[in-house]
Amino acid sequence: MVTSGTKESFLSNLWTQPSNRMSVSRRCLCCVKYLMFVFNLIFWLGGCGLFGVGVWLSFTQSAFSSLPLSFPSLSAANLLLVAGGVTMVTGFLGCLGALKEQRYLLMTFFVILLLLVLTELTLTMVLYIFNAELDVKAQDDLKEGMKNYVTDEGLKKSWDNVQIMFKCCGVANKEDWYLVTNKTLPSSCCSNRIGPCVDGWSEPCYEKARKWLLTNITSVLVFGVCIGIVQILALIFSLLMYCQILRAEKYLD
């Protein structure tokens, strides 16, 4: 037998249950919203950092600007500039989507970020798998560019700056110059640059520049791994927030 007090309590719970569920859903949405905003802010700041490093590399290596783009330092600068710019735009879009609580904006952010992560993974795999082939291609491009050393003043200045800075000669060895300068060496191949250079530095420029880049880019790679982790977390939180907003809209309907 159901008493009147029990019946009233049941009806009261029936009326208040949806509002309680809505309140819990709203609290979850707020929690995910602020977490997503924080991670996207970190993501955006990381993009600023990558872009800044790219700008720094571009300016500090401007002396090599006439060399082919396969030259390691210039390739790294361009990649960092592109990656930093895309990261900044994507991070801003994520912050805006979190603040506005717009499903379509969040889904756009999710799709762009997912494509960005997949592109990064693909490029990493390509660089790892075809590392040797890319090295050969870069060296061939540099050797081909050496043929214009005598006629191209900008290229001549860039090669001289590289060889003086790294104390190296040629791409793979100093004999690379023999076909270009009639079996002689540029004066920048020697420490004493007064008069003809007979016996230049024995170390090749490509390997020295590559080692320099790998030594200086370690911190950038660690930074990139941290950004990658933030990207994965931003993907998770954007999807969670999208689901929470969708659930809240169903309750309102």
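Glycine too: its Cβ is placed from the backbone N, Cα and C atoms.
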Member of CYS168, CYS169 annotated by TrEMBL as disulfide partner of CYS189: CYS169
CYS189 (disulfide bond): tally of other CB atoms within 10 A of its CB: 26
Ranked first among 34-59, 79-99, 220-243 for CB pairs under 8 angstroms with the transmembrane segment (106-130): 220-243
Which same-chain residues, if any, lie at least 6 apart from CYS169 (disulfide bond) yet have Cβ under 8 Å of it: GLN163, TRP177, LEU185, PRO186, CYS189, GLY200, TRP201, SER202, GLU203, PRO204, CYS205
Remote residues contacting the transmembrane segment (34-59) - C-beta distance under 8 A, at least 6 residues beyond either end: 73-74, 76-92, 94-95, 97-99, 220, 223-224, 226-227, 230-231, 233-234, 237-238, 240-241
